[in-house]
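Q: Following this message is one structure expressed as C-alpha cells.
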C-alpha cells in the first residue's frame with residue numbers, strides 16, 4: 001500500500017471551500033499545460049490534474065505536462081508516465097491522475113493552452129522561453145512555480161517579469177511551505193498564489209482571475225490563498241534559501257534551537273527590508289502572514305539542501321563546493337547562488353551594511369570568514385549605547 | 001570539562017555593544033534581586049550576576065537570588081549554591097558567578113533592592129506578591145520573566161500589570177527564544193526586554209531605563225533588544241504554547257514540516273489578531289520582528305513540553321492529562337491551561353469563530369475532537385468562493 005492513501009484519508013470528508021454560494025462560471029473550459037516534470041513539477045501537475053478532472057465546467061480534464069524526454073531502462077519516461085501513471089524517476093511511488101498526459105514535445109504540449117504553469121529549474125528558463133516564443137499567444141496566462149529572482153546589471157528582476165517580458169503574457173507566482181514529497185503524499189499543507197489582473201483583462205468568466213486560480217490549485221490537502229503581491233512572494237521565495245544556510249551553520253556548530261530561531265527572526269527582518277527597499281509595491285503582510293513568507297522560511301530552515309550543505313560545512317570545515325558535491329551530486333544549493341547575487345547587487349547599491357545576515361552568509365561561504373563570528377556580524381547597530389567596548393569583555397568564568 | 005566553556009568560546013572576543021560613545025552613568029549602583037531559582041530563574045540570575053560584576057559603576061556586584069529552601073541529601077540548597085556555586089537541583093553542571101548569593105528568606109533577599117526580577121512559576125505569583133507587599137517601596141522597578149497573562153472574569157490581565165497593581169511598582173517583561181539550558185550553556189541567543197518609563201520616572205541616570213536594562217541583561221552570548229511593548233511581549237509569550245500544541249498534533253500524525261509550518265503561520269496570525277484586539281496598544285512589529293514574537297514561537301514549536309504532550313496524544317490516543325502525567329511527572333504543559341483560559345475569554349466576548357486554531361486546539365484537548373479535523377477547522381473563511389461544497393469532494397485516486 002502506498003503511503004499517500006493512509007495520509008490522505010483524514011481529508012476524504014473535507015470540502016475545499018467553506019462557502020457555497022455563487023459557483024464559478026466560465027465561458028468555456030480552459031486548457032492547462034504544466035512545463036516541467038521534476039519532483040515539484042510532477043507534484044503540481046498531479047494537484048492540477050485532480051482539479052481539472054473534478055471541474056469540467058472550468059477546465060478541460062486533460063492536463064499536458066511537458067517532460068524532458070529521457071530513457072529509463074530503455075523505455076521513454078513519457079511512455080512510462082502515460083502507461084503506468086507514475087513518474088518513476090522524479091516522483092516514484094506516487095499514483096498520478098490518468099488525465100495527466102506526459103508530452104516530450106514542448107511545442108505540442110502548449111498547443112491551445114490557456115494557462116501555462118512553469119515548474120522547471122531556474123537555469124533552464126531562458127532556453128525554454130526562447131523555444132516557446134513563436135507558440136504562445138498574448139491571451140495566454142501563466143503561473144511560475146520557480147523560486148526567486150535574477151540579479152543582474154539592471155538590478156533584481158522577478159522571474160515572473162522575465163516570463164512576461166519575453167513571452168508577452170501575464171504571469172503570477174505560486175510559492176509556499178511546500179516540501180514537494182509531502183504535498184505528493186497528500187499531507188496537509190498550504191501555499192500562496194500571487195496574480196495581478198493584466199491591463200487586457202477580458203472580464204469576469206472570460207479570463208483567469210483569483211477564483212480560477214483557486215479552483216485550479218486548491219485541494220483538500222493543499223490549501224491555497226490567492227493574493228496580488230507577486231513581488232513579495234518572489235522575494236521571500238529567493239532569500240529564504242540564504243537564511244537556511246545561516247541556520248545550517250548554527251546547527252552544525254551545535255548552538256541549538258535558540259540560535260536557529262534567532263537566525264530565522266533576523267532573516268525574516270532582512271527579507272522584509274529587502275522587499276520593501278527594492279520592491280516597494282510588495283506588502284509587509286505577505287512576508288509574515290502568507291505561506292510563501294514566514295511558513296516557507298520555517299520549513300526551509302527546518303531541513304532541505306541548504307541546511308544540509310551549511311551544516312556539513314560547519315561540522316567538517318569543508319568548503320561549500322565540496323559539501324555540495326558530496327551531498328547533492330552535482331546539483332547546487334540555491335542559497336549559495338542567491339547569496340552571491342544578492343551580495344553583488346547590495347554592493348552595487350552600497351547597501352551591504354544594512355543586511356548583516358545576508359552578508360555574513362556570503363562572507364562565510366565565499367571568503368572563509370569563521371562562522372563563529374555570525375553573532376558579532378549580525379548584531380544590529382544599537383541605539384542603546386551602554387558601555388565602552390573595552391568594558392564589556394566576557395568574564396573569567398565564561399573564559400575558564 | 002563542562003560544555004559551556006567550549007560553547008562560550010566563540011564569544012570571548014566579542015563586545016556586547018558596537019558603539020562606544022556616551023557610556024552609561026548612574027548616580028549610584030543599583031541593587032538587584034532575582035526572585036526564583038528554577039531552571040530559568042537560575043539562568044537569568046547567572047546572566048545578571050555576570051553583568052553586575054562587570055559594571056560596578058552601575059550595579060552593586062552582589063546579586064541576591066531568593067531560593068525556595070529545600071534539602072538535597074540533608075544539605076540546604078542555598079548552602080550548596082553559596083559554597084559550590086552550582087544549583088545542583090535545577091541547573092546542574094553550570095558554574096554560577098560567586099557574586100550570586102542564594103537567600104532562603106524572601107523578605108531579606110529584597111532588602112534594599114532597586115530592581116526585582118521575577119522568575120517563578122506562574123501559579124506562585126499571588127502568594128509571593130502578598131508576602132512582598134510590606135517590604136517593597138514604590139521606587140523599586142521590576143522585570144517579569146513569567147510567561148503570559150491571566151484570564152479572569154474581568155478579561156485578560158498581563159502579569160506585569162498584576163505585579164504593578166499589587167506592589168505599586170513599575171514592571172516590564174523579558175521574553176524571547178530562550179530554552180533555558182541553551183542560555184545557561186552560553187550558546188548564542190537573543191531576547192526581548194519590554195519596559196515603559198513610569199509616571200514617576202526620576203530622570204536620566206537616576207532611574208531604571210532602557211539603557212540600564214540593556215546593561216543588566218545583555219551578554220555576548222545573550223543579545224538583548226529593549227522595547228516599550230510590554231503587552232505584545234506578554235501576549236506572544238502566552239499564546240505560543242497553544243500553537244505548540246497544534247504543532248505537536250500534526251507532528252504526531254506524521255504530517256511533516258509543511259503542516260507544522262502552516263500551524264505556526266496561522267498561529268502567528270491569531271497571536272497578532274488577539275494582541276491587536278485585546279491590547280490595541282501592542283504593536284504588530286513586536287510579533288513578527290522581536291525575539292519574543294516569531295523567534296520564541298519557532299523555538300517553542302520545535303520542541304519542549306507542549307509539543308511533546310501533544311505529539312504523544314496524537315501517537316497514543318491518550319488524553320492530555322494522561323500524557324502530562326507520563327511525560328511531565330505532575331507538572332503541566334502551559335498551553336493546556338492557556339487554551340482553556342483563552343477559550344473561556346473568547347466565548348465571553350463571542351469571538352471564538354475568529355480564532356479557529358486556538359479554538360481547534362481547545363476542542364481537541366478538552367472535547368476529544370479528532371485532530372485530523374484541524375485543517376478543516378482552521379481553514380480561513382474564504383472570500384474566494386469557487387464551487388458548491390458537493391462538487392469538490394476528493395477524487396477516487398486520493399480515496400484509493
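Each Cβ is built from the backbone N, Cα and C atoms, and glycine gets one as well.
Values in this document were obtained by computation on a predicted structure and should not be read as measured data.
Features from TrEMBL:
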type	residues	note
REGION	B:1-22	region 'Disordered'
DOMAIN	B:31-196	domain 'Glycerol-3-phosphate dehydrogenase NAD-dependent N-terminal'
BINDING	B:36, B:37, B:38, B:39, B:40, B:41, B:68, B:124, B:180, B:305, B:334	NAD(+) binding site
BINDING	B:147, B:305, B:306	substrate binding site
DOMAIN	B:229-375	domain 'Glycerol-3-phosphate dehydrogenase NAD-dependent C-terminal'
ACT_SITE	B:240	active site, proton acceptor
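Show me how these features fit into the structure around them.
A: Neighbour density for residue B:68 (NAD(+) binding site): within 10 A of its CB lie 15 other CB atoms from the protein chains shown.
In the three-state DSSP classification, residue B:305 (substrate binding site) falls within a helix.
When pLDDT values are averaged over the domain 'Glycerol-3-phosphate dehydrogenase NAD-dependent C-terminal' (B:229-375), the model yields 95.
According to DSSP, residue B:240 (active site, proton acceptor) is assigned to a helical segment. Sequence-distant neighbours of residue B:240 (active site, proton acceptor) (same chain, six or more apart, CB under 8 Å from its CB) are B:267, B:271, B:296, B:297, B:300, B:301, listed in sequence order.
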Q: Can you name the residues of this chain that are 6 or more positions from residue B:40 (NAD(+) binding site) yet have a C-beta less than 8 Å from its C-beta?
A: B:119, B:145, B:178, B:180
Q: Largest pairwise Cα distance, Å, within the listed NAD(+) binders B:36, B:37, B:38, B:39, B:40, B:41, B:68, B:124, B:180, B:305, B:334?
A: 23
Q: Look at each of the binding-site residues, B:306, B:334, and point out the one with the fewest other Cβ atoms around it within 10 Å.
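A: Per-residue Cβ counts within 10 Å for the binding-site residues B:306, B:334 bottom out at B:334.
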Q: DSSP on residue B:40 (NAD(+) binding site), three-state: which is it?
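A: Reduced to three states, the DSSP call for residue B:40 (NAD(+) binding site) is helix.
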Q: Over the residue list B:147, B:305, B:306, recorded for substrate, what is the maximum interresidue Cα distance in Å?
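A: So the maximum pairwise Cα distance among the substrate binders is 14 Å.
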Q: Who sits close to residue B:38 (NAD(+) binding site): which same-chain residues at least 6 apart have their Cβ under 8 Å from its Cβ?
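A: Listed in sequence order: B:90, B:119, B:120, B:121.
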Q: Suppose we draw a 10 Å sphere around the Cβ of residue B:147 (substrate binding site). How many other Cβ atoms does it contain, all chains included?
A: 23
Q: Give the number of CB atoms, excluding that of residue B:305 (substrate binding site) itself, located within 10 Å of its CB.
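A: Result for residue B:305 (substrate binding site): 21 other Cβ atoms within 10 Å.
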